[in-house]
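Since the structure comes first, as structure tokens, the remarks are kept for the end.
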Amino acid sequence: MQKKYVVALDQGTTSSRAIVFDHDANIVSVSQREFTQLYPNPGWVEHDPMEIWASQSSVLIESLARAGIHSDEVAAIGITNQRETTIIWEKATGKPVYNAIVWQCRRSSEICEQLKAQGLEDYVRENTGLLLDPYFSGTKIKWILDNVPDARAKAKRGELLFGTVDTWLLWKLTEGKVHVTDPTNAARTLLFNIHSLSWDTTLLEALDIPAAMLPEVRPSCSVYGTTRIAGEGSEIPLAGIAGDQQAALFGQLCVEPGMAKNTYGTGCFLLMNTGNKAVRSSHGLLTTVAVGAQGEVNYALEGSVFMGGATIQWLRDELGLIRDASDTEYFASKVADTNGVYLVPAFVGLGAPYWDPNARGALFGLTRGANRNHIIRAALESIAYQSKDLLDAMIKDSGERLKSLKVDGGAVANDFLMQFQADITDVEVLRPSVCETTALGAAFLAGLAVGFWTSVTELEYKACIDKHFKPNIDASQRERLYVGWQDAVVRTRS
């Protein structure tokens with residue numbers, strides 16, 4: 001049969017999805033299944049690894065069945081995944097020794113403090129590009145080895161394997177034949193030296209983690225093994241892996257220095273490609289690994305906005321100012337500006353570049369003339385201002401000129417927000433026709449690895465832009481608006 005399709009497995013924090021793409025990068029079929037979130041203690045978050053596998057394997061089968069596609073028509077399968085989430089299982093049986101500890105889980109805070117006390121904070125920053133934080137996998141591994149009976153002894157005997165979610169899925173899809181990850185996922189473990197592109201022995205020793213547990217690191221655009229769907233049909237190559245944010249960066253074809261993307265979700269995730277330079281940030285951004293045009297390792301700066309779409313949820317659920325998130329564009333467009341109102345949504349503190357956990361949300365500039373429309377508009381503008389804060393930090397750190405800003409995520413449907421983002425950053429904002437850029441990135445990597453597509457140049461003809469948002473305000477107005485935002489931020493921190 002002719003190979004007509006590539007499938008992306010998109011394993012997220014709350015659901016597993018499979019998306020089928022054709023040769024023109026159009027979505028042919030989507031299947032999704034949510035799975036259980038486990039909260040055994042305050043600040044702890046877990047998933048059942050077997051439920052992750054069951055949900056992911058079922059949507060793979062379902063996505064093909066829905067479109068009437070035979071598995072022999074599939075050229076390759078790519079994987080993208082929630083990063084940092086940690087799974088340890090028995091090599092002989094494939095049985096997890098503990099639930100997956102999710103990236104959000106804070107249980108290993110004390111281990112991080114111990115490493116700081118040992119003077120490892122700067123070493124971690126320099127060699128992994130990360131902060132010493134429970135967010136990342138390394139301290140989660142140590143917690144499991146320290147707290148699950150016999151786990152450390154088994155690990156030292158070579159009986160246990162570690163993997164992030166990509167590695168777990170690859171292991172299951174190949175029936176235990178392949179124990180592999182890619183550099184984008186390895187770079188989120190706190191154990192991977194992003195300069196030598198190898199596991200860091202100093203950090204493995206500090207955390208007492210046996211190297212034999214760790215997966216082999218292979219390129220993101222590579223064939224790792226094969227699988228059969230439901231045990232039927234021919235063997236399908238498993239051929240591309242990238243963590244979710246790096247997959248989105250590649251799906252947006254941000255493969256050259258100075259190219260950046262912003263994913264607008266509950267928060268916002270911004271990544272800027274810095275090419276072959278691993279730039280150490282002086283603004284609290286993370287240095288991470290990305291994928292280049294030939295599938296080679298590139299580097300990127302990464303930063304996140306805590307409150308993006310969550311700010312709009314607050315307008316809806318706590319204030320009752322809107323019924324649906326889509327209402328915000330209508331109300332914001334009813335007024336010419338915010339009438340001097342600024343909302344700083346520091347509900348859980350401020351992230352990069354401020355890193356102030358004690359800041360709290362506030363509305364500034366309220367007068368008797370301020371109304372609901374002004375507050376709603378200020379909420380939308382706050383998302384763009386926070387994104388500009390990060391983009392400005394990336395530009396200063398990297399020395400790169402921002403060429404354009406590619407965007408994806410739910411909020412990109414809001415034309416007002418996208419136009420204001422272009423206005424306040426003074427760069428063109430590009431919204432793609434296919435907004436499933438995370439899955440598209442995994443599909444692109446898989447397709448390139450098997451020759452389904454030949455080059456990034458070919459992909460540029462597939463990844464169409466739905467709308468260009470060009471800056472539409474002058475420099476003096478831009479400066480006045482942003483100075484007002486910066487003043488408001490200062491006051492939330494005082």
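Along the chain as shown, residues are numbered 1 onward.
Keep in mind that glycine also has a Cβ here, set from the backbone N, Cα and C atoms.
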Just to be sure I read the record right: ARG83, GLU84, ASP244, GLN245 are listed as binding glycerol in Swiss-Prot. Which of TYR5, TYR39, TYR135, TYR299 is listed for the same site?
TYR135
Annotated companion of THR13, THR14, SER15, GLY309, GLN313, GLY410 at the ATP site, Swiss-Prot, chosen from THR263, THR266, THR367, THR454:
THR266
Would you pick out, from the binding-site residues THR14, SER15, GLN245, THR266, GLN313, the residue whose Cβ has the largest number of other Cβ atoms within 10 Å?
GLN245
Within 10 Å of the Cβ of ASP244 (sn-glycerol 3-phosphate binding site), how many other Cβ atoms can be counted across all chains shown?
25
Pick the one among the binding-site residues GLY309, GLY410 whose Cβ has the fewest other Cβ atoms within 10 Å in this structure.
GLY410
By a simple count, how many Cβ atoms lie within 10 Å of the Cβ of THR13 (ATP binding site), its own Cβ left out?
17
Show which residues of the chain containing GLU84 (sn-glycerol 3-phosphate binding site), separated from it by at least 6 in sequence, have their CB under 8 Å from its CB.
TRP103, TYR135, PHE136, SER137, LYS140, THR164, ARG188, THR189
